[in-house]
Every structure is written in C-alpha cells, then in structure tokens.
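S.K.: The following block contains the structure, expressed as structure tokens.
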Amino acid sequence: MNMKKGVSQLTLQTLSLVAGFMAWSIISPLMPFISQDVDISPGQISVILAIPVILGSVLRVPFGYLTNIVGAKWVFFWSFIVLLLPIFLLGQAQSPGMLMLSGFFLGIGGAIFSVGVTSVPKYFSKDKVGLANGIYGVGNIGTAVSSFCAPVLAGAIGWQNTVRSYLIILSIFAILMFFLGDKNEPKVKIPLMAQVKDLSKNYKLYYLSLWYFITFGAFVAFGIFLPNFLVDHFSIDKVDAGIRSGIFIALATFLRPVGGVIGDKFNAVQALIIDFVIMIIGALILSLSSHIVLFTIGCLAISICAGIGNGLIFKLVPSYFSKEAGSANGIVSMMGGLGGFFPPLVITFVTSITGSSHLAFFFLAIFGVIALITMIHLNKKEKAIRI
C-alpha cells in the first residue's frame with residue numbers, strides 16, 4: 001500500500017467532507033435569521049430543517065456503490081458541481097416551498113460521507129482502518145463550521161450573502177478534486193444485487209444500522225434542532241446558540257477518531273456497550289431536566305458518546321463486510337442519516353401535544369436500551385466463536 005498516496009487522499013477527502021457538510025447543514029444555523037424574513041410556522045421550520053437529511057441519507061447507498069465503480073474523485077467532483085444549484089436557490093429563497101426545495105437537494109452534501117468511508121480503507125492496512133476512517137469522519141466538523149461561522153457572517157452581511165459565499169467554497173473543492181483526486185483508485189466491481197443479497201442475510205448489518213441510526217442520528221439531529229431550540233426554550237442569543245451548537249458538533253466530531261483508535265486496539269463491541277450506557281444516562285438527564293446547566297450536561301454526554309460511537313461503528317463495518325464494503329457503508333451511513341431526520345419532527349410533535357420536550361428525549365433512552373441488548377447479544381456470539 002502506498003502510504004504517501006493514502007495520506008494525501010485521506011486529507012483531500014476529509015477536507016471535501018468538511019465542505020459537503022458545511023453545505024448540508026447551512027439552513028439550521030441560519031434559521032433564526034431566515035425566519036425573520038420569511039413567514040414560516042413552527043411546523044414548517046421542523047420540516048425544513050429535517051428535509052436535507054432525506055436525500056443526504058438515501059443517496060449514501062448509491063454513492064458508496066458508485067465509489068467502488070468509478071472512484072471517489074468523480075463522485076466528489078460531480079457532487080460539488082450539482083450542489084451549486086441548491087445553494088444558489090437557497091440564496092434567493094423567499095418562501096417555505098423554496099426553502100424546502102433547496103434544502104432537499106442540499107442533502108447531496110451529506111450523502112458524500114459514504115464516498116470516503118468506502119474509498120479511504122483501500123489505502124490503509126486493516127490495523128489502521130479504524131483510525132483512517134475516524135480521521136475522515138472529522139470532516140463532520142463542516143457542520144460545526146456552519147454553526148459557528150454562518151450566524152456571525154449573517155449578522156454582518158445578511159443570511160442571503162452568507163449562503164452565496166458557499167458557492168465559492170464548493171467551486172474551489174470541485175477544482176481541487178478534479179486535479180488532485182486519485183484517478184487510479186482500486187475499483188471493486190461486484191454486481192450490486194449480489195452484494196445486497198449477501199448483506200441481507202447478515203444480521204450484523206441490521207445491528208450496525210440500528211447503532212449508527214442512534215449515534216450519527218443524534219449527531220445530526222442535535223446539530224439541526226439545537227440552534228432554534230436554545231433560542232425558543234432558553235431565550236439564548238442567536239449567535240450564542242450557534243456557538244453552543246457548534247461546540248456539541250465539534251466535540252462529537254473530534255472524538256470520532258478516538259473511537260476508531262479504541263476500536264483498533266480493543267474489542268469494539270464491548271467499547272460500544274460502555275459508550276451506550278453513558279449515552280442512555282445522558283438522554284435520561286435531558287428527559288428529566290428543564291434547567292440549562294443540566295441540559296448542557298446531558299447534551300455533552302450525548303455528544304461525547306455519539307462521537308466515540310460513530311468511530312467504533314465504522315471500525316466494525318469494513319471488518320465485517322470487506323467484499324461488500326461500498327454497499328454496507330452506504331446502508332449503515334444511510335440509516336445514520338435517517339436517524340437525524342425523525343428527532344426534530346418528534347420533538348416538535350411531542351412539545352405541541354404535551355407542552356414539553358422531555359418525552360422526546362426519553363425515546364432516545366429507550367432506543368439506546370434496545371441497541372444495548374443487541375450489542376450484548378453480538379458480544380456473546382463472538383465470545384462463543386472465539387472459544
């Protein structure tokens with residue numbers, strides 16, 4: 001394996017993921033500004049914030065498969081080119097419908113996650129895959145970049161011009177990928193239906209999908225709803241809410257490689273069991289508290305566990321599915337993305353019915369317990385095989 005090429009492609013793809021996630025998440029931190037100019041109901045806000053997750057999740061399966069066919073270079077390149085259109089439309093949006101339309105196609109920025117997790121392991125030995133995928137996952141920091149920077153820029157130049165500035169960023173990365181992407185990336189051309197048939201018989205795929213539905217889903221969902229939630233429920237300043245949301249995202253992002261390293265050195269399933277116990281405790285804190293201090297503690301616990309859990313899970317995916325890595329990565333990451341779609345809608349619905357969001361966070365704890373049971377089951381089966 002060419003380590004020099006591996007490092008260069010890992011760097012390029014990680015930075016490309018940053019750009020993609022910046023575009024994918026641009027609406028959420030700007031929503032407090034957008035809602036001042038566009039007449040939007042609370043229900044419409046929830047839908048608009050959740051919509052980018054749909055395409056960002058569903059496209060992860062074909063993107064992972066295409067990466068094995070044509071290589072990461074071309075999937076990244078054309079994704080950035082296509083993303084220019086919804087960014088342009090968002091900068092012109094004057095109605096909820098236009099916000100929804102542009103947000104839907106911004107999902108492409110989230111779908112490119114499966115490109116790197118399929119491509120990067122090809123350049124590294126098995127004992128380095130967890131770390132490499134963890135480093136690539138740091139590209140999730142693009143969400144935090146938007147959370148930190150977009151509100152500040154919007155306050156200075158307006159939210160429309162802030163959105164338009166992303167056209168420059170995406171154009172730069174399209175050019176970089178065109179000239180620096182690896183055109184000789186190893187290809188894997190196993191027929192898609194053959195991969196799906198084999199994967200559908202493996203219960204581990206369903207377990208990993210459930211776990212990632214929770215960990216990455218929490219990462220995405222909290223990043224989506226926190227800015228508006230903090231403003232509405234705790235009367236926090238819009239810029240301060242963006243910074244707090246950015247801290248949540250940054251913490252989870254930078255801990256992702258830590259999860260990968262833990263998975264490389266120790267039993268990843270056992271580490272996930274510990275991780276989920278702490279996450280369940282964090283969810284229970286959120287479900288039982290209304291004070292900003294306790295809410296912050298619960299959010300930090302969720303952030304830490306989501307980040308480490310994401311890294312651990314994507315250590316396991318290439319280990320369990322080496323021949324079907326592209327499709328498996330796509331399916332698992334798709335489920336993670338979908339995990340971020342439902343919580344904002346559930347929180348809005350529960351709050352409208354009960355007057356409080358507590359029950360919604362309790363649902364997260366319940367899902368965590370279900371996942372914990374499956375982890376214990378898998379750990380017992382693997383122990384029996386080792387014996």
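Every residue, even glycine, has its Cβ placed from backbone N, Cα and C.
Note that the coordinates shown come from a computational prediction; the quantities given were computed from them, not determined experimentally.
As annotated in Swiss-Prot:
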- 14-34: transmembrane segment (TRANSMEM)
- 45-65: transmembrane segment (TRANSMEM)
- 69-89: transmembrane segment (TRANSMEM)
- 97-117: transmembrane segment (TRANSMEM)
- 137-157: transmembrane segment (TRANSMEM)
- 161-181: transmembrane segment (TRANSMEM)
- 211-231: transmembrane segment (TRANSMEM)
- 246-266: transmembrane segment (TRANSMEM)
- 268-288: transmembrane segment (TRANSMEM)
- 294-314: transmembrane segment (TRANSMEM)
- 330-350: transmembrane segment (TRANSMEM)
- 358-378: transmembrane segment (TRANSMEM)
S.K.: Checking distant contacts: for the transmembrane segment (294-314), what same-chain residues at least six beyond its ends satisfy Cβ-Cβ under 8 A?
M.R.: 117, 130, 133-134, 137, 140, 208, 211-212, 214-216, 218-219, 222, 226, 234, 244, 248-249, 251-263, 268, 271-272, 275-276, 278-279, 281-283, 285-286, 288, 329, 332, 336, 361, 364
S.K.: Please give the sequence-distant neighbours of the transmembrane segment (14-34): residues at least 6 beyond its ends with Cβ less than 8 Å from one of its Cβ atoms.
M.R.: 40, 45, 48-49, 52, 56, 76, 79-80, 83, 87, 90, 93, 99, 103, 106-110, 112-113, 116, 135-143, 145-147, 150-151, 154-155, 159, 162-163, 166, 169-170, 173, 176-177, 223-225, 227-228, 231, 238, 241-242, 245
S.K.: Hey, which of 137-157, 161-181, 211-231, 268-288, 330-350 has the most Cβ-Cβ pairs under 8 Å against the transmembrane segment (45-65)?
M.R.: 330-350
S.K.: Give residue numbers and ranges for long-range contacts of the transmembrane segment (211-231): same chain, 6 or more residues beyond its ends, CB-CB under 8 A.
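M.R.: Distal contacts: 25, 28-29, 31-32, 45, 49-50, 53, 110, 140, 143-144, 147, 151, 237-238, 240-242, 244-245, 248-249, 252, 272, 276, 279, 299, 302-303, 305-307, 309-310, 313, 332-333, 335-344, 347, 357, 364, 367-368, 371, 374-375.
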S.K.: Looking only at residues six or more beyond either end of the transmembrane segment (161-181), which have a C-beta under 8 A from one in the stretch?
M.R.: 8-9, 12, 15-16, 19, 22-23, 26, 30, 71-74, 76-77, 80-81, 83-84, 87-88, 90-91, 150, 153-154
S.K.: Is the transmembrane segment (69-89) packed against any residues at least 6 beyond its ends, judged by a Cβ distance under 8 Å, and which are they?
M.R.: 9, 13, 16, 19-20, 23, 26, 63, 98, 101-106, 108-109, 111-112, 115-116, 118-119, 163-164, 166-167, 170-171, 173-174, 177-178, 181-183, 185, 187, 189
